[in-house]
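There's a structure below that I have some questions on.
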């Protein structure tokens, strides 16, 4: 069985020199060209050596793939009559091994719903949050309850922090942080009426957004509020973090999606993604694609590296309520009681466009799987890390759907370990704290550090041009090139000359100032003259001979 | 319908027994490692900070030092932990560096001891006994024997018949001797002074006079690889190279100021570095003496001594400005500066033979032991610790040019006097440069002299017959 699945990925893996391990395929080519230009022999040799080291690293990384112990799951139709989306959860549960079947958790909690759920980063723990105040943290694989809280007030969202030891709950007014036993540790009184929360694990930041329209970043290691950003777009309707660069994507009721970093008071980018409120946002793990759903019954898929729209699906039967993307690139859409999944939806080809429905041509991208919660509504979804499961929170509890091929099969134990011991967890926590990234380093390009700033003029220009530019800048005031042009078409107060004068408010009347004043009066005259022409008092080519004659004395 | 899901058996991943290591599978897929570079940079920054935190260069002084200034230190090239020093009051001491205690101490000369060297192993009777040569103001060269108990368990073939420590032989000369060095493999040694003499240990008179020109030779140094090559520096600002196979000087070059010390590169036999009075050390290739390979700048006073690390990639200099600096051979500026409150003018610096430590002798009579890498510790390390340190080294190297890391790793506390002197020196250099630039503006024909040639006045080759001698002086071109 496994050889069938491995075939396509194998060919993909060995296509280029390094495939996915090659982190800058386009750049290396340029670098080689650059190498040829370098005159300094020592530098050239050094660059060559680094290039070679890089190539070796890539090929070695490729070679280690043979050592990966697990293979990812799949669900495949054996003939054309079979459709994968027709397979029911019960059938899957019957077909898979018992350990997986046991993981298809189904908690029926009718009293405090609707429920939202959150899995810890390594997938060992599950945090459920009932809207009416029921919060529980559990080791879901072992069936052990860690903490259960009945808060007796509205709970909008809950999320684990760096590991299962701490979690934050957005309650009616404030946001609180609890520890693994459910003891309240902090009340974050600056985070008011929060509806959505995201934890940025590498920066140790808790980002919250909600009714107030503010996006707030709290550093959970120092307790400082890192940034408060005003979206100016009303209540936030959806939120997702880009795991690749820690940029927060917010969906708003006017249909825009904005991307935020804590060190920028304005959004890094703004996309119009729906004609009504945005109801769901999701970003894939490598930060390449974003999927959004809107209340206008649309779903859109974006390439957020180029901000290009890949696919648009209009006229869903009912508006989608949320989207999420798995580690392997499955797209899951929730829509009322329905959950629909697509495979390969992020290719730019038209055939990859998620097709809603079962009929039609063969080459259409029909759903990979579907599931329905009859008489119910799905509130949120999250793929379980490193498992073939999709956690779904709905009105009557939570449920794990078995989605073969959804999870990353081979985890990296030094990054996230689903089988970690308490000791390993503690060591990991210390290690990540030591390597905590500063909040203001968040940017659209996560590799900006250590890269050459090509926009800097010193890097962009050669020595001669640079000298020319700096010379020009130095002599700008000497040649009076910085004085704006007289423009009679603008109103007096808006005149560029006036604002230039305002800037240079030194109480010194020098030659430059006189020149600007003269220009200003000339501008005024021209403007008045234009107005007169407009009113018809004088004609276009009229010359006032008297004033012209006198002007030589002025 | 084919269905398969990920099913990890916890038996494969969770250790069964407590003695078992838990399975830590790796996956190098970059998708699983976000913020790779940012995290690596943070690690590099932390590693750099740790390096500066652990930077404690001073190990200690040897014994109680000397009662007068230490002007001569001789390495023992064969034993890692032995060292000989001599001071201005004529006392020679032999040290055990691992215990930091003296093995023996004796008054060798009347007046200053100018030269000291430990003879190669093959000339001492057994491993426990080392021979030393010393010379001084009193016109004598003395051969000493020093007993150590280090290898007492080692039985020599013909019974340890030690004649005991003490003076073995005295050579009398016509002039005060200023420097001495022993040939690596032959029983010859060379002395400097009013003339440069080659001696045979078995004879009482010098076997030949190698002088070229008639001036004082203050330092002599044998090449340890190309053992018949010899370099000397004299008070006429010249450095002369000799070849013992022809028993004559071969090349000579004159610099603007005096050379205080010479050291051959132990890895590249044809390269040597000289410590100059003009605050710089110069690195030369003996095959082309028209220009220096490198100029080691940064000192603010005369460089008194220079020594190569046995690996040949670092140079340590001691200066009259009371500091020690360490240079990487490929970089013109020092990577490290060492100083203490009590250390006076540094006259001697030597790398130990394992290149982990530096020994310095100064005017104040102390012999100090320093770490060559200030943050390094020589304690036994676990494999994990070693791996971590190696990884940190690589990170530091990779991110060394980033501004924050550069700032932290370069920062040194420097005594106010030296900082001030450095600033004044910089102003002087700047004004000279400005002046030259201004002059060049009006005088287009002005010759441009590279920084590496500025110090050279001229150089001469000497061949057997004087007619062929070629003058390569720059000013004749």
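The chain as shown is numbered from 1 upward.
Any Cβ shown, glycine's included, is placed from N, Cα and C.
All annotation found in TrEMBL is predicted automatically rather than curated by experts.
Fair warning: this is a prediction, and the values are worked out from it, not measured in the lab.
So TrEMBL lists these for the protein:
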COMPBIAS  A:9-25  compositional bias 'Basic and acidic residues'
COMPBIAS  A:525-545  compositional bias 'Basic and acidic residues'
DOMAIN    A:367-446  domain 'BING4 C-terminal'
REGION    A:1-38  region 'Disordered'
REGION    A:473-497  region 'Disordered'
REGION    A:525-554  region 'Disordered'
REPEAT    A:271-312  repeat 'WD'
For the compositional bias 'Basic and acidic residues' (A:525-545), could you work out the same-chain residues 6 or more beyond its ends whose Cβ comes under 8 Å from its Cβ atoms?
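Those are 486, 488-489, 492, in sequence order.
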When you scan the chain for residues with a C-beta under 8 Å from the region 'Disordered' (A:473-497), skipping those not six or more beyond its ends, what do you find?
512, 515-516, 519-520, 522-524, 526-527, 529-530
Using DSSP, how many residues of the region 'Disordered' (A:473-497) fall into helix, strand and coil, respectively?
8 helix, 0 strand, 17 coil
Report the DSSP secondary-structure composition of the repeat 'WD' (A:271-312) as helix, strand and coil residue counts.
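Tallied per class, the repeat 'WD' (A:271-312) gives 0 helix, 24 strand, 18 coil.
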Taking helix as H, G and I and strand as E and B in DSSP, count the residues of the region 'Disordered' (A:525-554) in helix, strand and coil.
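Grouping H, G, I as helix and E, B as strand yields 18 helix, 0 strand, 12 coil.
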Per DSSP, what is the residue count of the domain 'BING4 C-terminal' (A:367-446) in each of helix, strand and coil?
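Breakdown, helix to coil: 16 helix, 22 strand, 42 coil.
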